[in-house]
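Trainee: Before I ask anything, here is the structure I am working with.
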Amino acid sequence: MPSTRRQQEGGGADAETHTVYGTNLITNRNSQEDENVVEEAELKYGASHVIHLFVPVSLCMALVVFTMNTITFYSQNNGRHLLYTPFVRETDSIVEKGLMSLGNALVMLCVVVLMTVLLIVFYKYKFYKLIHGWLIVSSFLLLFLFTTIYVQEVLKSFDVSPSALLVLFGLGNYGVLGMMCIHWKGPLRLQQFYLITMSALMALVFIKYLPEWTVWFVLFVISVWDLVAVLTPKGPLRYLVETAQERNEPIFPALIYSSGVIYPYVLVTAVENTTDPREPTSSDSNTSTAFPGEASCSSETPKRPKVKRIPQKVQIESNTTASTTQNSGVRVERELAAERPTVQDANFHRHEEEERGVKLGLGDFIFYSVLLGKASSYFDWNTTIACYVAILIGLCFTLVLLAVFKRALPALPISIFSGLIFYFCTRWIITPFVTQVSQKCLLY
C-alpha cells in the first residue's frame, strides 16, 4: 500500500509538472501572438490617423484655394494692410522690398512671441477664465464678423441676392452653433468642420492683408520660431506641454484639431504622456495593470494588459487526491478571473479610442493654407500642386519623426520649408522651362 501511494503521488506530481510545462508553452505562444497583434494594430492605428489628419488639412487648403480662384476680394489687396506690418512703402528696389518684408515679418514674429508668452503666464498662474474669455472673443470674431464678410463677398461674386433677414438668421444660427460646438458640447464632425472653416478664414485674412513679399518671410520666420518654441529646453510651447502633462488636464478649446476627437492640447503635433486618471481596483490589480494614457501618434498605440489565458477545460479525474482537486479549483478561479478584465478592457479601450488621435494646432492649418493659397493666387496650377504635395510630404515626415522620438515636435518647419523650396523651384525654374518647351513644340 505505501508503495502504491508513493507511485500515485509520483504520477500526480509528474502530471502536474507536465500541466505546468504545457501551460507555460501556451502562455509563451499567446504572448508572442499578442505582441504580433499589437505591432499590427500600431501600424493600422498610425496609418488611419495619418489619413484622418491629411483629410482635414486638404479640406482647409482646398477651401482657401477655391476662394482665391473664385472670389477676387481675397486676391486683391487694395492698399490695406495689417497693423503689425508697418513697412509698406512702394518701391522698385528688390533690396528695399526684401528689407521691408523682413522687417514686417520680424514685427509680426514679435507680436506672436508676446501673445504666446502672455498665454503661458496666464496658464502658469491658472487664469483659466481669462484665457477662455480671450479665446471666446477670438472665436466670436471669426464666426460672426469674418464669416459675414466672407458670405457677403461670396454672394457678390455669384450674383446672388437673398433676403437680408434670411442671411442674418442663417449667420446667427451658424455662429451660435459654432460657439457651442467649440467651447461647450457638440458632435465631433461638426466641431471639426468649424475648426477647419475658422482656420481657412484666418488664412484668407493673412493672404489678403499681408504685403506681397511679406508672406514668404512670415512663413519662414514663423517656422523658425516653431522650432525654437518647441525643441529648446525653455521653449514656451514645450513648457506649455510639460505643464499640462504635470497637471493632467487639457489646455484650452479652439486651438487644436485632433484626428480622434477635438481634445485641446498644444499648438504643435504633440505626444501625450499623461496617465489615465482611473486607478485600478484591488480586484483587478491581481490580473492586470492600468495602462497609461496613450500618445497622440501611431508610435504609442495602446497596449492591452497582458493576461495569461489558460484554457478553461480542466479535467479532474476520480482517482486524484483531495489536494489535486483543490489546486484545480484554484486554477479554475484564476483562469476565470483572468478572463474577466477583457470585457472591462474592451470598454476602456473604446473610451481611450475616443480621446486619442494625432493632434495638430490650428496655427499649422492656417500657415499651410496661407502657403498654398498664396501660391494659387498666381493661377499657376503646377506651382499649386507642387506646394500641396510638399506640404503633405513634410507633414508625413513629421509624423514619422513623432513616432520615432515620441515627444512633442513642431509641425510647421519641414512642411513649410519644403513648400517654399517647391514653390520657388517650380515658379522660377520648372514653369518657365515647361513653357519654353511647349512653345518650341518639343512637348505635347
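From the backbone N, Cα and C atoms, a Cβ is placed for every residue, glycine too.
Pasting the feature list from Swiss-Prot:
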- 1-45: topological domain 'Cytoplasmic' (TOPO_DOM)
- 46-66: transmembrane segment (TRANSMEM)
- 67-101: topological domain 'Lumenal' (TOPO_DOM)
- 102-122: transmembrane segment (TRANSMEM)
- 123-130: topological domain 'Cytoplasmic' (TOPO_DOM)
- 131-151: transmembrane segment (TRANSMEM)
- 152-163: topological domain 'Lumenal' (TOPO_DOM)
- 164-184: transmembrane segment (TRANSMEM)
- 185-189: topological domain 'Cytoplasmic' (TOPO_DOM)
- 190-210: transmembrane segment (TRANSMEM)
- 213-233: transmembrane segment (TRANSMEM)
- 234-359: topological domain 'Cytoplasmic' (TOPO_DOM)
- 275-331: region 'Disordered' (REGION)
- 282-300: compositional bias 'Polar residues' (COMPBIAS)
- 315-329: compositional bias 'Polar residues' (COMPBIAS)
- 360-380: transmembrane segment (TRANSMEM)
- 381-384: topological domain 'Lumenal' (TOPO_DOM)
- 385-405: transmembrane segment (TRANSMEM)
- 406-413: topological domain 'Cytoplasmic' (TOPO_DOM)
- 414-434: intramembrane segment (INTRAMEM)
- 435-444: topological domain 'Cytoplasmic' (TOPO_DOM)
Trainee: How about long-range neighbours of the topological domain 'Lumenal' (381-384): same chain, 6 or more residues beyond its ends, C-beta under 8 Å?
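Mentor: Long-range Cβ neighbours of the topological domain 'Lumenal' (381-384): 65, 372, 375, 422-423, 426-427, 430-431, 434.
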Trainee: Quick one: DSSP breakdown of the topological domain 'Cytoplasmic' (123-130) into helix, strand and coil?
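Mentor: Summed over the topological domain 'Cytoplasmic' (123-130), the classes give 5 helix, 0 strand, 3 coil.
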Trainee: Taking the transmembrane segment (46-66) as the first stretch and the transmembrane segment (190-210) as the second, find out whether 3 or more Cβ pairs fall under 8 Å, excluding pairs closer than 6 in sequence.
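Mentor: They do touch: at least three Cβ pairs between the two stretches lie under 8 Å.
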Trainee: When you check the transmembrane segment (213-233) against the transmembrane segment (102-122), do you get at least 3 Cβ pairs under 8 Å, counting only pairs 6 or more apart in sequence?
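Mentor: By the criterion, they touch.
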Trainee: Would you kindly list the residues that approach the transmembrane segment (360-380) from elsewhere in its chain, counting only those six or more residues past its ends and only Cβ-Cβ distances under 8 Å?
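Mentor: Same-chain contacts beyond the flanks: 53, 56-57, 60-61, 63-65, 67-69, 75, 195-196, 198-200, 202-204, 206-207, 215-216, 218-219, 222-223, 254-259, 266-269, 387-388, 391, 395, 411-412, 415-416, 419-420, 423, 426-427, 431.
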Trainee: Same-chain Cβ contacts of the transmembrane segment (102-122) under 8 Å, 6 or more residues past its ends?
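Mentor: For the transmembrane segment (102-122), the far contacts come to 82, 84-88, 130-131, 134, 210-211, 214, 217-218, 220-222, 225, 229, 236-237, 239-240.
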